Amino acid sequence: MPGPREGIHASDVVEGNAGPRGGVKALPGGAAGRDTIDQSSQDAGTTAKLSLRGVRKSFGDNIVLSGIDLDVAAGEMVCLIGASGSGKSTLLRCINQLEPIDDGVVLLDGQDISEPGLDLGPVRQRIGIVFQSYNLFPHMSALQNVLLAPRRVLRRDSTAEAEALFARFGLAAHMHKYPDQLSGGQQQRVAVIRALAMRPEMMLFDEITAALDPELVGEVLNVLRQLRAEGMTMILATHEMGFARELADRVCFMDGGVIVEQGPPERIFSAPELARTKEFLRSVLR
Amino acid sequence: MNRRQAYEAAERRRALTVAAVSTALVVAAIILLVPLAPGWPAVRASFFDGAVFAQTFPTLLRAFLIDVMIFAWSVPLILGLGLAIALARGARAPALFPLRIFGAVYVDVFRGVPVVLTIYLIGFGVPGLGLPRPWNSPYIWGTVALVLTYSAYIAEVLRSGIESIHASQRNAAICLGLSERDTMRYVILPQAIRRVVPANMNMLVALQKDVALLSFIGPVEILRQAGIYKSLLANFTPYVVAAVIFLAITVPATRYADHLLNKDRNARS
């Protein structure tokens, strides 16, 4: 069962509306709703692609996540916004178990993937992640970067599939180049292709445009638009508010290690309910 | 040619002239001053005797082939063992803890003892157990001594290379579902090994020279052969011949390694 959730205060959490595709269980907020949270966590096993219940994470004395509840429906695109240090990246890394969580549960299709001692290889194949700093393998060509994991993990030669992905994201001419020879935007698109080559069921994007020159941001966001159109389940930590507004089904504003307000982008951006959300949006939208 | 280019061309000409003049001065000083030293005729006779040089060169070159052979079969053993020790020292699984301890002790011991001493102890000690031929050969135990010493150094170099690869590379591989083993083999090691090639080349050049230390336990390789000639001819020129032969190999080897490294760097940027 989920751990205690002192981190959520009734006044902090605003109930989000269900996403446009139905299927999304909005989180009941506040102490009054505790029974219903537990109700929904059982429910979530059947309806949500991914469910987080009371997820906590500290690094030493530094509490980074203090009780995260989140449900993401299949095909939904969720954007995490919030100031640097609000826990967005850590949340993503806790979802694919790159960081072990201290408390709470992470359910993928109802399976508890945060269970200590679980073999995480198969889990990580199902959840692709792309990092801010690309992290391509510098000693391999772009194509070799993409082919490594399918070959070693799935024992599959996915050359044709990879070439199709390169073509689709406009990189067919750069397949055999090394990361050093590619621009930041190209490297980041290769990183997306590398994750997609494992045929993940959902994708996590950790501020993937934050390290790019402004003129290169567009080409990477186009890749995300394409994935969105194909119905990929995605969670994005992002500072691109315009992009979140355009494409997200739901926007979650994080502050102090909790999701303090969430809802459809139209509402979050035009009529945020909490002072903290307003203040943050004012500072970034200026 | 614009103003800036003209200025830089003039600067280059001036730098070249200064370098040429100062080099010429130093060389002239050596040529003129050294022969003025009171002992020079004696030194020239015993170290730079042209006739002795010509007489001993062919045999010494043949003896050098033994050094090359010992070097050639030592290198793969050293690299293999060095890699194994480096990986053992990085093993994190509790069951492999003894391996980790062994790796640490191994590196401490063989880096801590002078090469010559290891060669003496193993080269004389092990055959002293009364092993039958060919297992008492100084070639075998000399090679073992070199392999033990140099693999300890190579292991440390490799380990530092492995540790220099940023954790984000490992994370990226793990997140793709790769096992720890495949991550090490396909992502970390190739980068680590590439990064420590210069350090390892220096090790191998040092090894090429240290092979001559095996002369102390028996094999008539170049250094021992030169020693024989020295006694025979009462002349030190054979040692100079040996030095020249060593330089003829080690200098191009180092330059070639640098060239390979630069080529690799240029190919990827």
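Every residue gets a Cβ built from N, Cα and C, even glycine.
Here the structure is a predicted model, which means the values were calculated and not measured.
Taken from TrEMBL, the feature domain 'ABC transmembrane type-1' covers B:62-257.
Residues 96, 99-100, 102-103, 106-107, 139, 142-143, 146-147, 150-159, 162, 184, 200, 204, 207-208, 211-212, 214, 219-222, 224-226, 242, 245-246, 249 of the same chain lie 6+ residues outside the transmembrane segment (B:63-88) yet bring a C-beta within less than 8 angstroms of a C-beta in it. Taken from TrEMBL, the feature transmembrane segment applies to B:63-88 (among others).
Counting residues 6+ beyond its ends, the transmembrane segment (B:109-127) has Cβ neighbours under 8 Å at 135-138, 141-142, 144-146, 148-149, 151-153, 156, 210, 213-214, 216-218 in the same chain. Annotation source TrEMBL lists transmembrane segment at B:109-127 (among others).
Only residues 6 or more beyond the boundaries of the transmembrane segment (B:139-158), in the same chain, are considered here, and those with a CB under 8 A from a CB of the stretch are 70, 73-74, 77-79, 81-83, 85-86, 89, 103, 106-107, 109-111, 113, 115, 118-119, 121-123, 126-127, 192-193, 196, 199-200, 203, 207, 210-211, 214, 217-219. Among the features that TrEMBL reports, transmembrane segment is placed at B:139-158 (among others).
Here TrEMBL flags B:232-253 (among others) as transmembrane segment. Within its own chain, the transmembrane segment (B:232-253) has Cβ neighbours under 8 Å at 45-49, 52-53, 55-57, 60-61, 64, 68, 201, 204-205, 208-209, 212, 222-223, 225-226, counting only residues six or more beyond its boundaries.
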